[in-house]
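Going by TrEMBL, these are the annotated features:
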DOMAIN    115-219  domain 'Cadherin'
DOMAIN    318-431  domain 'Cadherin'
DOMAIN    630-730  domain 'Cadherin'
DOMAIN    731-831  domain 'Cadherin'
DOMAIN    1041-1144  domain 'Cadherin'
DOMAIN    1145-1251  domain 'Cadherin'
DOMAIN    1252-1357  domain 'Cadherin'
DOMAIN    1358-1469  domain 'Cadherin'
DOMAIN    1470-1575  domain 'Cadherin'
DOMAIN    1582-1665  domain 'Cadherin'
DOMAIN    1666-1770  domain 'Cadherin'
DOMAIN    1771-1825  domain 'Cadherin'
Amino acid sequence: MNEHRPVFLKLLYEVRVPEDTSPWKDILQISAQDNDTNSKLVFSIHSSLHPDSTKFFHLDPKSGVLVMTDELDFEMISVHTLIIMVRDQEIPVKRNFAKVVIHVEDCNDHSPVFLSPRYEVRISNLAPSGSEVVRVKALDKDIGSNADISYSLHSGNTDNTFSIDPELGSISVSKPLDLQPQDHFHLTVKATDQGYPQRSDLCSVHVHIRISDQTPPVFPADEYLTEVSELSAPGTPVVTISASSPAAVYYGIESGNLNDTFSINPYTGLIFTQRYLDFETWESYKLKVTASTTAGGMSKTVVHIYVMDENDNAPVFQQREYLGQISESAHINSMVMGKRNTPLVVQASDADRDSNSLLTYLILEPEALKVFKIDPSMGTISLISPVDFEANAEYHLTVHVKDSGEPSLYAAEPAKVTVRVLDLNDCGPQFNASGYESSIIFPAVRDTEVVHVVAHDADSTVSYSITEGNLHNAFSIDPYTGVITVTNVSEFRSFYQLTVRASDGLFKDSATVKINATILIPSDLEFQQKVYSANIVENLNTVKTLAALKVSGCYLNEPLLYSVINPMGRFTISQMSGVLETTGIPFDREEQDIYDIVVKVHDTRTPTRTATAQVKVFIDDINDNSPQFLNLPFSMMISEDSEPGDVLYQATAIDKDLGENGSIMYSLEEDFDLFRIDPDVGDISLQRPLDFEALNKYMLTVVASDEGEPSHSTTARLTIQVRNRTNPVFQTQLYPLRVPENVPPFTTILRVLAKNPEGYRLIYNLEEENASKHFHIDFKTGVLTITNPLDYESQTMHVLTVRATDSVTGAFSEASIEIVVEDVNDNAPVFPQLTYSVNIAEGLPLNTSVMQLNATDKDSGTNQDLTYQIVKTKGNETDFFEINPRTGLIVTKQVLDYEDIKHFNLKIKAIDNGTVPLSSEVMVFVNVIDVNDNPPDFVSSQYEATLDEMAKCGHIVIKIQASDPDSEDLNNLKYKIISGNKDRYFNINESSGIISFSNVCKRNLDPHYSLTVAVSDGVFQKTAPVNIDMINSNRHSPYFKQTIYEAELAENAEAGTRVIRLAAIDPDDGPYGTVDYTIINKLADEKFAIHQDGQIVTTQPLDRENPTQKVIAIKVMAKDGGGKVAFCTVKIILTDENDNVPQFKASEYQVSIQSTVNKGSPVIQIVAYDADDGKNADVTYSVDEAEEVVEDIIEINPFTGEVNVKDSLVGMENKIFNFKVKARDGSLPFHNSTVPVQLKVVPPEVPLPKFSEPLYSFSAAEDFPIGSEIGSVRADSDMPLIYSLVNGNTVESNKDKVFSLDQESGTLLLQKTIDHEKTKWYQIDVIAQGNHNGTDVASLVSVSIQVQDVNDNQPMFDASPYRAFLAENMPAGTTVIQVTANDPDTDTNGLVTYSLETLPDGTQLDINEVFAIEGESGWITTLRETDCEAVRVYRFNVVATDHGGDVKLSSSVLVEVMVTDENDNPPKFTEEVYHGSVVENTTPLEPIVSMTTTDADVSLENRLVTCYITDGDPLGQFAIVQEDEGQWGLIVKESLDREAKGRYKLQVTATDGKFEAPVTVDVHVLDINDNSPVCEQPRMFVLKVSALDPDMGANGEISYTLHGPDADKFHLDPRTGELFTLAVLDRETHAEFNLVAKATDGGGRSCQVDILLMIQDMNDNPPLFSSSHYEVTMFDNTTVRTPIAVIYAKDLDTGINSEVKYSLLAGDGGYFSLDEFSGVLRLERPLTSDTPPTFELKVKATDRGLPRHLYSVAMVTVDVVSLDDYQPVFLSSEYSATLPESLAVGSEVLSVSALTRDGGGPDPIRYRIISGNQDGRFQLDSQTGQNRLFFSPPI
């Protein structure tokens, strides 16, 4: 028996549970006890304080364990109070109660929630920093720190433009908004609580920037670029600029508008021309344009206007006429040559540019085009067919020129070109007849013209000569005219056969001339006179008739033929009339005064009668000659005793004229009243006595005049010297001498002798002051000697005046000595220069003159006749040159070629024709001048280059290099683009060949350009192709025309079925315009594929009925070659195919129906579903497999499936009708299914169960636990009922037995878990069955169960990971990729918000600084530009969080953003300057400089670098080769010459197609010993020799050594080359030294130079008197001023050092004077009885030398003798003797004797030799005067 009540162990249970405790956790154990035995207790929750508390807990009825069934929420219910009950199971049931208090502990389980998920706000762009934009607010249901919220800007804050207050949520401006390019900001604000773990929420803030009226206008671009044709008329629109502003904008041009060329509409911004443009004057304009508003705002922009060149300038020839020449031997294609042996170039210029200035030349004459062609580009003319001087010596061409513009323009007028054909002696002379015959009248007449032979030579002058048969030189032939005349009539023969030759110097021809001499046969035909005479005045140069010759013996008017037999070119006769005339050649009577002309006449009879007559032509004289003296000028001496009337001299003159013209009259210009001249005979006589003291010398001018009209006269001089009777008399007045110039000094060359009538001693001296320089005369003997060597070359004649003075009276006479210096070959030929240098152009023909050498030889006669020759050296100069031995003209023997040999060193020797020939040599350096005879050629046959279209203007594209064998042309090569540059995107530097980019207006470019580039050297032109591939910049992102595409696809389509073809458009060209497509969502990627052309195809069949496949979204990414992307979504809508059978909801139907139901009443509704769509899913119902009676009583609505009673059922009680209902779909192929239906008819009294609701609707959360009660169905009935579920055919109809039904209570229980995401509704049929008095009855009802969504699904991303591409440098806001996470939950549970999360590894920066994600759409955008070189891949997570109420679920996915490389880094050299060196004359195989370039770009194509030499290498001697990536080598293409250039400073430019970098490469050329020293020819008095060696280092270090015959007397410093003496030099002993200085470098090369060292005179010799003691005797009656002696001193020095002055030092007592220059000692005072008998004079000879004068002193003893004393007088004034050279010493030579005057004297006569015996060879007996040979050596 149940006696005891169950008792809880505790009346109050308390427990604390954190709110984040997971559901279904045991939180409390409830225990109770019952004292009754075997009592089974049942626990349950009875009630709760809060009605909702029971939802959160479940108390196990058996164990008493309290379980939490749902998450607790502190914020909703913080304390749950439950009343629990325990009961036993006995009867009566006893219960008990207890309280359970559950304290919910707060956790941070609520995220902050913004009051609004989206904020929209507008703010002025001029809002100052700090202005509040908006304030956001978020709430957190937690408490405490879990509810403390901090705000931050999560994304979208480009350039940190905004800031947010972390506590207040106030967003404010932190940077000026007007500086930001965007007008809209999409900020994501994050609200984060401070709980653990932290929770946050995001909201979006859309900030729209409102442009303020105060804002300055904004131009869309910093600069505008446009072009305008130069032909644009004023008013032509150029460009319209616009600036955006909320206020009205006014435009103006601030600067750059030269000459007001442009104007701008202030309202529209249209810039238009207002003046005519001219590209040639101004190519571009840079306008600064302003835009202003009335509010004062102003902005500026720059407008670049480029004037496009139009073809508005016609070509202009540089010359109107051109003259060229070409040899007739020239080959085909030879060029016509112009000046200086250079090709003739017809040149024109065009002021236009590019193609408008490309000129084309053409020859107009069709005939000329058969012979010549003109290079259309260069204007050079060449030969296309041979020319012949003889056929056409000159061609006249007309050359026109046109440009390549559109349309072409021609020059205003063509140029005239004259081409002269140079004659070549290629034609020989040819006589016009092989033989000639002529007859002349015998006897022959001198000068008779015999015959005129003619030879024709088309290209040369012909010279005629007689080679054979001309006996006794009877004939002569004019070498120029070919006229043969008679020259010798003596021994003249009757027949001659001459051989005549005609020659042009190379070719010759011969002809035979037969001459017969015939005797005239007398006839009656004869001249009326045998001899005629005529006169003609000489010098007349007009034709004059001389005579009219008449004949007899002929009929009247009978034809007669006259001729002159010997006209001599001066006479001619009229052939018919016989009138004889002169030819107009003047006659000269003085040359020939009579001409004997023979005239012949003959008739026309047969036989011919012939007659001759002689005409004497007398030449009349005119006065055309002046008189000429025969014997003047003349000098003579006459005695003062000459009597008046004495004829002194007869002047004789002649005059070649006749008569009065030749009659001479003589006269004197001045007769001094002393002289007269006979006018007829020329006798000069004395008119009155002479006065010697008055004047003793007269200069008479004699005039000889003829008596012609006009008169001619001549004058001449006669010098008359008056001689006193006491004057000495010379043997002759003129002593002519011829002396060889090599006579040694002190040789006696003459002894002059004068007789003194008074018998006194004579003193001889030379009157000329400078006579002593070369001559000295002994004052006693008159012996003339040479004191210094004579030099014919300096002075060929010396005229001396010798005076003989009476030593007593002083009377003197003078005579002239003419010394002609005879030349001796003592001078070698001398060239004016030590060396010669001459330039000669290459290619000149043979025998071209190189230079004319003229050596001179100071000698005369044959001694100065020079012969030249080329001295053969080691070289082959003599093979190329020869010299005319006589003229010294050097000519070429071969055609010179500069490219073979550039220099020749000729050694030329000049030899004179002396007996012992002398010679000298000279070097002639012949430099061959390069002539432009070779065309240039490109280093490569074609060029390839790549260029980025975004490269700056001026960027180097490629350097093309050409070479030219002509060295002179290397610096003159000009490059130009001749085709392919229509749009002028490229420029070429005409001198360097560097092609640069010139896209000034930044137009779209073609992907490829093919240029044709030409190089020209001014004459020749060569072309090469240049192919330029453009690297198109990735300027555009691809884009789809739609963001969403829809496409229908039939379900079950086989794999590979085409769905849709997408086309993403990318305007870029090349790789950047090529788009790749990728499907980025995983679901779609599994079922579809996309081809490269954008075609989407299926990869598997699809089933429309599959919920995941009904509508498929394909997310497609289009990526171009640069990494820029575009996205679109393709919604694939599967179209239905009838592939599903209709499915009945239940597997069977049972129903009971009372028989009394009304007809038409519904029985049951049978429902079938077809998963197909549309007509395929239209189900039609029909009764199938039914008995006939069934068909009668029921019917089914074919559309609704409702079964109705068709007829009364009365009477059919308790009958069971079984039939089937068929459901058929609506399309082919039809599908159908059937379901069995059982219909039981019951009597009306049998009650049927009736459900309380016609349709039950329940809902169940998908997280209900199994066993949960969903609801209950109940039918009212008096009978017990059994409830059951009808088996379903579909998931929705409980096919899977998800639900169960309590049979008794009708409670619907959850038997399996339900999932809202799989099945949202269930439609279940419940049947209630019972038995009424044995009758089974059943009723059906439908139960609809809605599955309520619970946030039980986390968002699922449609791809993992996401891989996106982002081109670097893309601006902030660039779309990266869209991530999509799907949450199958519904409503807010399925709403997803996205956020970015940095990966936890911490290796990367905060990703929120780089990227932002649109929280709602999942679009990821950039916050700033990215740099591939800094970060190549960004990896981060995107977190997708749903909006579930209390519990938010999230998931994350990895996103990889690949930053694609862009060419944004220039190449760089690792060094600022590279240094290298190369040894000259070598071409090393290895690079001489290695260079390294780096390029920070990542992709290979963006760091492909090319290097060019852009400066410093005009001759193309260097090249750059690539050794490896980024490694470059500089190589030498040809050997260098350090001496030509020792250092090269090259500019090397590296380019990657977009950027370029320069670097300097310094190359030093290292020296090798390839040069010998070049010795400098020392000049006179050189004390230092020097040599130059261009080599460096030891190779250039020179040491000097001395050689030669006199080397032992000198020392040459080996280092400095200074020359030192080793001994004292004496010029007087050795005046010249011959040395050889040798210079040797460190490599052993040497040169040497001859040194002629001429010792400079020093004044180291005093004058030396001829005698140290002079003894002179003087009579006491000697006249004052009488010379008594001549003192002579010689100084061995030269120049001024040898000039001597004489002076008296002592002893003269005032009686004497000494002439300081001549040394003449004169008496100055009369001698008296008091005069001392002897004077001892001391004389001094002083030179004029420097630095001090030297002198000598001699004694002169003057004995005064009385006239009364005896005076010895030699019996003869001159003695001579001839000695054999074998005469013995001591032999007597001769004996001299003297007598004394009358009276004699006491003293004996003493004899002595006073001069001439310097060698002491003779001895004179002082007493007897016998002269003996005194000593030997023999004579």
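Cβ atoms here come from the backbone N, Cα and C positions, even for glycine.
Here the domain 'Cadherin' (1358-1469) sits against the domain 'Cadherin' (1041-1144); at least 3 CB pairs are under 8 Å, leaving out pairs fewer than 6 apart in sequence.
Look at the domain 'Cadherin' (1252-1357): DSSP puts its residues at 0 helix, 53 strand, 53 coil. Averaged over the domain 'Cadherin' (1252-1357), the predicted model reaches a pLDDT of 89. Between the domain 'Cadherin' (731-831) and the stretches 1252-1357, 1470-1575, 1666-1770, Cβ pairs under 8 Å are most numerous for 1666-1770. Proximity of the domain 'Cadherin' (1470-1575) to the domain 'Cadherin' (1252-1357) is not established, fewer than 3 Cβ-Cβ distances being under 8 Å for residue pairs spaced 6 or more apart.
Most Cβ pairs within less than 8 Å of the domain 'Cadherin' (1252-1357), among stretches 1041-1144, 1582-1665, 1666-1770, belong to 1041-1144. Sorting each residue of the domain 'Cadherin' (731-831) by its DSSP state yields 5 helix, 47 strand, 49 coil.
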